[in-house]
């Protein structure tokens, strides 16, 4: 997040706030299209009740901070991505329990305090530090910029790799491997739908 922040300015966020349509489309896609897609994929692969519940729960949670880094790498609108991630994460305190109650019949509570701390620590603080450095300490940013993409890549790899390593035995078990194809299908379809929705002229 710091590597992203040092490349942003306050004007980027001002511009993002002035364009509510991309944020609205992203929010709707996050909490309507993604859960609907999760239900379709889970039913198509006839997942067991336990896996079905877990799959739907995963489909009903907000996008993670890595989506902002993906936007940064693909030269997308990073400010919009950061705002969308923050808004959907805050809304998940209310929306995720409602969706899980509706789709799997049991309410999964979300810890609002823990969620707020997570947003503050992982997104807002490093982004703000980066913005301040980019605005008031250009010489420091000049030194940091060449190094930060490499540091960010290492951190991202650790963020993805550590939970995989901790759950290696479950992932490589017979039951775990049954989830590989549904998960790949879900992501492939979600990326394709998201890409084509963003190509609609009215949304651009």
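Positions of Cβ are set from backbone N, Cα and C atoms, glycine also.
Per TrEMBL, the features are:
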TRANSMEM  20-42  transmembrane segment
TRANSMEM  51-72  transmembrane segment
TRANSMEM  78-107  transmembrane segment
TRANSMEM  119-137  transmembrane segment
TRANSMEM  143-167  transmembrane segment
TRANSMEM  179-198  transmembrane segment
Task: Interface check, the transmembrane segment (143-167) with the transmembrane segment (78-107), three or more C-beta pairs under 8 A - done: no
Task: Beyond the flanks of the transmembrane segment (78-107) by at least 6 residues, Cβ under 8 Å - done: 4, 7-8, 12-13, 15-17, 19, 22-23, 26-27, 30-31, 35, 38-39, 52-53, 56-57, 60-65, 67-68, 71-72, 115-116, 118-119, 123-124, 127
